[in-house]
Ligand SMILES: Cc1cc2nc3c(=O)[nH]c(=O)nc-3n(C[C@H](O)[C@H](O)[C@H](O)COP(=O)(O)OP(=O)(O)OC[C@H]3O[C@@H](n4cnc5c(N)ncnc54)[C@H](O)[C@@H]3O)c2cc1C
Ligand SMILES: NC(=O)c1ccc[n+]([C@@H]2O[C@H](COP(=O)([O-])OP(=O)(O)OC[C@H]3O[C@@H](n4cnc5c(N)ncnc54)[C@H](O)[C@@H]3O)[C@@H](O)[C@H]2O)c1
């Protein structure tokens, strides 16, 4: 096997949203960068196993659901017009989009002469050295700085039977070769809820088992409560406070035994998917050869995302919660600016935004009411019910609620939480408002176009009343 020695300014390990943008920003600035990616292309979990394929499935499921509702919109379909599902075609559409995006990212990197992308696996062998292994080469790399962005992997659960063939995780669910007739999902975080609705809309009988007392723990409780009711109305069986005791059976036929409030129950399904969180991917990274420290939540970093080993930084899922692609990228870009000596504001959790691609979608930015109160903050909350909203009525999705969390004294908007189909594309304004410290008066006096879902921001802010801007 061939061996080489290289020296780079910055070694970036992991080509997902937490690694690639940093490598590109540094490469664009002329730094000599090596980006090492162990998977099948640039894009990480988000592209190959996460955000993008799951939303591609959702698109198919939601479009089918729209056709099911055609009659509401005055569209008459013949009795046999309900579309069948060509799952192989859905998977090939997914593959086309994924490979196009991975190739696009690679083409961007190829246009940067000082950025070298290596498809292989990297392991730190010291504070300034790493071994990079590709199928045909071993490269010893020395570096001035490194960014660790190896992401996360599905967490397993210590449940008897969790290791049985056919008990799958979210990565395998994304690759599933047929729509199952029935499925248990263990965990009702973003993955559990999104997958439950996607597969339910595609015709799977879905049961959710969640150990906590409600679905979507960190999400605004009022919105999560409304969504939980919606899941049940849409035919999904939801058990919260559920303790899973065991899984038995074989591929294609499983019995999950669980208890709720002391009452033992079983669910017989074709598939059982464990979607109960992800853990930072530190395995095989060689952290023991450095002063980089990690605990069960992930790699430990300071305010500049520097690890315990000076000069080695870490970003994204490797740092534990929150785990979002845009959060990982915001961190990656901040570290890149920091290494370039440019002024930088490191991303702050209270400015982060996120969307759960449930049906209806939940968009969120900043503090929830519960988090604010738990932190001893006195907050006001203004609500707007989409029931009376023109746009929501037109689109036939008026089951929704907007909640604005604000500081009663400064009137600053601290959080915006929205449940409505279309929420995903509303969150830019909300994120900006929280980030720049807008007041409820700023939102109230912004002219929002009619009829759109964004009018709700102005109307909810107006409802707060009180001071108006002079
Ligand atoms: C089903 C699902 C749906 C999701 N949906 C969304 C969503 O809609 N929106 C959202 O914001 N987030 C979503 N996420 C979360 C999102 O995917 C992650 O937060 C994001 O991918 C984290 O980026 P990262 O770069 O930190 O890690 P990753 O994307 O995991 O990338 C890490 C990369 O490092 C590589 N690697 C690992 N070890 C090595 C090594 N030793 N050497 C070289 N390379 C290595 C891996 O191959 C991988 O490509 C979803 C996740 C899942 C599982
Ligand atoms: N739209 C998005 O942005 C999106 C979508 C999917 C995933 N993600 C990210 O990916 C990460 C992983 O998602 P996730 O949903 O797997 O994790 P999560 O940690 O957010 O949720 C896991 C859920 O599983 C439950 N759980 C844990 N152990 C259990 C057990 N033994 N029995 C039953 N329930 C149990 C937890 O109480 C929790 O509700 C999250 O950080 C999330 O932010 C984001």
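Note: Cβ is positioned from N, Cα and C throughout, glycine not excepted.
Those TrEMBL annotations? Automatic predictions, nothing curated.
What TrEMBL lists as active site, proton acceptor is 450. Annotation for residue 450 (active site, proton acceptor): same-chain Cβ neighbours under 8 Å, separated by at least 6 residues, are 390.
If you take the C-beta of residue 324 (FAD binding site) and look for same-chain residues 6 or more apart in sequence within under 8 angstroms, you find 352, 354. For the recorded site, residue 324 (FAD binding site), the DSSP three-state label reads coil. Look at TrEMBL and you will find 55, 150, 151, 152, 317, 323, 324, 325, 326 tagged as FAD binding site.
DSSP gives residue 187 (NAD(+) binding site) a coil state; it is part of no helix or strand. If you take the C-beta of residue 187 (NAD(+) binding site) and look for same-chain residues 6 or more apart in sequence within under 8 angstroms, you find 209, 210, 274, 275, 276, 277. Per TrEMBL, NAD(+) binding site is recorded for 187, 188, 189, 190, 191, 192, 193, 194, 210, 277.
Mapped onto three states, the DSSP output places residue 46 (disulfide bond) in helix. Feature annotation from TrEMBL assigns disulfide bond to 46-51.
Residues annotated as domain 'FAD/NAD(P)-binding' in TrEMBL: 9-332.
As annotated by TrEMBL, domain 'Pyridine nucleotide-disulphide oxidoreductase dimerisation' applies to 354-460.
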Output field, NAD(+) shell: CB within 8 Å of site CB centroid, site 187, 188, 189, 190, 191, 192, 193, 194, 210, 277 dropped: 185, 195, 208, 215, 216, 275, 276
Alpha-carbon spacing, residue 189 (NAD(+) binding site) to residue 51 (disulfide bond), which is rounded to whole Å: 14
Pairwise Cα distance for residue 151 (FAD binding site)/residue 191 (NAD(+) binding site) [Å, integer]: 16
Taking residues 55, 150, 151, 152, 317, 323, 324, 325, 326, which bind FAD in the record, the widest Cα spacing (Å, whole number): 23
Distance, residue 191 (NAD(+) binding site) to residue 51 (disulfide bond) (CA atoms, angstrom): 10
Composition by DSSP (helix, strand, coil) of residues within the domain 'Pyridine nucleotide-disulphide oxidoreductase dimerisation' (354-460): 41 helix, 29 strand, 37 coil
Fewest other Cβ within 10 angstroms of its own Cβ, chosen from the binding-site residues 151, 189: 189
Entries of 193, 317, 326 (binding-site residues) sitting next to ligand 2, with Cβ under 6 Å as the cut-off: none
